[in-house]
Amino acid sequence: MLFNSYEFILLFLPVSVAVFYGLGSTGRPRAACLWLVIASLFFYGWWKPAYLLLLVFSIGFNYGVGLALGRMGGPATRRRVVLALGIAVNLGLLGYFKYANFFVANWNELVGSHWSLAAIVLPLAISFFTFNQIAYLVDAYRGIAREYDLVSYSLFISFFPHLIAGPIVHHKEMIPQFQERDGRFNAEDLAVGLTIFCIGLTKKVLLADGIAPYANQAFDIAAHGGSLHFADAWMGALAYTLQLYFDFSGYSDMAIGAARLFGIRFPNNFDSPYKATNIIDFWRRWHITLSNFLRDYLYIPLGGNRKGPLRRYVNLLATMLLGGLWHGAGWTFVIWGGLHGFYLVINHAWRTFRKALGHDLGRVSPLGTLAGRLATFLAVVVAWVFFRSENLPAALKMLALMAGTEGISLPNYLPTQLIALLLLCWFAPNTQQWIAAYRPVLEAVSSPARWQWRPTVGFGLLVGVLLFVWLKISFEAAPSQFLYFNF
């Protein structure tokens, strides 16, 4: 069930909200939470009912292992064994469904064998709910996870706004909210949530889907060996850069808005990433919840920056390579992660070098800021080519065209959409900055916009117009899938 579909917006979401507040109004907040668990499981099962058993098993198994880790005494070795078992089961399921065919294909190519597996359908959200539960198990082992009741834990994992494609939420952020929520109706939550949801819907339907044909055409031509000019290759790469941002940040806004309808706040997932002035800054702004997870549960356990510069750089590369592989079972994703790891190493090494020279890293001229922003954006665009391409030869073909190996020609025209979306990314406030006065996310919002949303009649009419536009577009074409559903 897609967030931008009729059945979700006109049926599932209103019914879920109405029943939740109906139960809450009778003074039964636990029943309201249980209802959300049931609704969320229905939401997941709508896609493929058979895989609902996988999600239920995963929740039950990890809840039991977490309880065991929290209560277990005796030698630390026993607890490490239980933790290792829990992580192994999670990674085993993820590995089978997501990576088995990838590894078999590469093994066949390496040794010349002909092994094959039956077609494996990737379960929706398996990467996301696996990460959530591994984090819970690690925290239970460390003794920093409370003993939660089964309903709250089940809702933490299955809560439909974040279940399919994030944000990647943390048990310490979410479960206390579920336990403290009294289920009483709150008009402010409804107004703020609906507004954020509609902004995300607009990003997806009008902006991301509107620019998608330029990206799809260019990458399809490159993948199938067709003729593509220098300017068309660049426009295709830029179009995908914008499509992915508005598609994924639009999804995150819709998730944040849908959760807020129930009085639940999610962490922020995007903070104008294309305004970043370096790659370190980019990863503080792009898919923030994934960056935090990789930092806390991979980079720091590997040693972080505690064991000298060389070890730090190795840890950065390893973290980003695995982060790339998490996105998909393909060498293009591994190379994308490796590129960003390389970018981060260069960025950190450059900062260290400048510090050694006595430079003040906090002082940057306007020209330096502009140069940093353009260089960062260019590096990100190049990396996205690998992320989008069907295979490695297609990515290299696209990059060769962008490098002018088959000639450099200026475009006959620049699509208005492309220019408008670039300006929007670089100069407009983001969703959270626009609604900063109503604390749209868990964190404090950086640099609130001067002109902010208010629950007035005018803004209410604007939200109504956005919903009308969605209805009109939906009558003309079936809703398109979000890009991150594939990961």
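Note that Cβ sites are derived from N, Cα and C of the backbone, with glycine treated the same way.
Remember, TrEMBL labels are computer predictions, not curated facts.
Marked as transmembrane segment by TrEMBL: 6-24 (among others).
Positions annotated as transmembrane segment by TrEMBL: 31-47 (among others).
Marked as transmembrane segment by TrEMBL: 53-69 (among others).
As annotated by TrEMBL, transmembrane segment applies to 81-97 (among others). Residues 54, 58, 61-62, 65-66, 68-69, 72, 120-123, 126-127, 130, 133-134, 137-138, 141 of the same chain, all 6+ positions outside the transmembrane segment (81-97), place their C-beta atoms under 8 angstroms from a C-beta of that stretch.
As annotated by TrEMBL, transmembrane segment applies to 117-138 (among others). Within the chain, the transmembrane segment (117-138) has long-range Cβ neighbours (under 8 A, six or more residues past its boundaries) at 44, 47-48, 51, 54-55, 58-59, 62, 65-66, 69, 83, 86-87, 90-91, 93-94, 96-98, 100-101, 104, 145, 153, 156-158, 162-166, 168-171, 293, 296-297, 326, 485-487.
TrEMBL lists 150-170 (among others) with the feature transmembrane segment. A Cβ distance under 8 Å defines the sequence-distant neighbours of the transmembrane segment (150-170), meaning residues of its chain 6+ beyond its ends; these are 16, 30, 33-34, 36-37, 39-41, 43-44, 55, 58-59, 62-63, 66, 124-125, 128-129, 131-133, 135-136, 178-179, 248, 251-252, 254-256, 258-259, 264, 266-269, 287-290, 292-293, 482, 484-485, 487.
For 316-346 (among others), the entry in TrEMBL reads transmembrane segment.
Annotated transmembrane segment per TrEMBL: 366-387 (among others), in sequence order.
The transmembrane segment feature in TrEMBL is assigned to 408-429 (among others). Counting residues 6+ beyond its ends, the transmembrane segment (408-429) has Cβ neighbours under 8 Å at 207, 210-211, 214, 229-232, 235, 238-239, 242, 245-246, 272, 274-275, 373, 447-449 in the same chain.
Counting same-chain residues at least six beyond the ends of the transmembrane segment (451-471), those with a Cβ under 8 angstroms from any Cβ of the stretch are 4, 9, 188, 191-192, 194-195, 198-199, 201-202, 205-206, 434-438. Annotated transmembrane segment per TrEMBL: 451-471 (among others), in sequence order.
By number of Cβ pairs under 8 Å, the transmembrane segment (31-47) is matched best by 6-24 from the list 6-24, 53-69, 316-346, 366-387.
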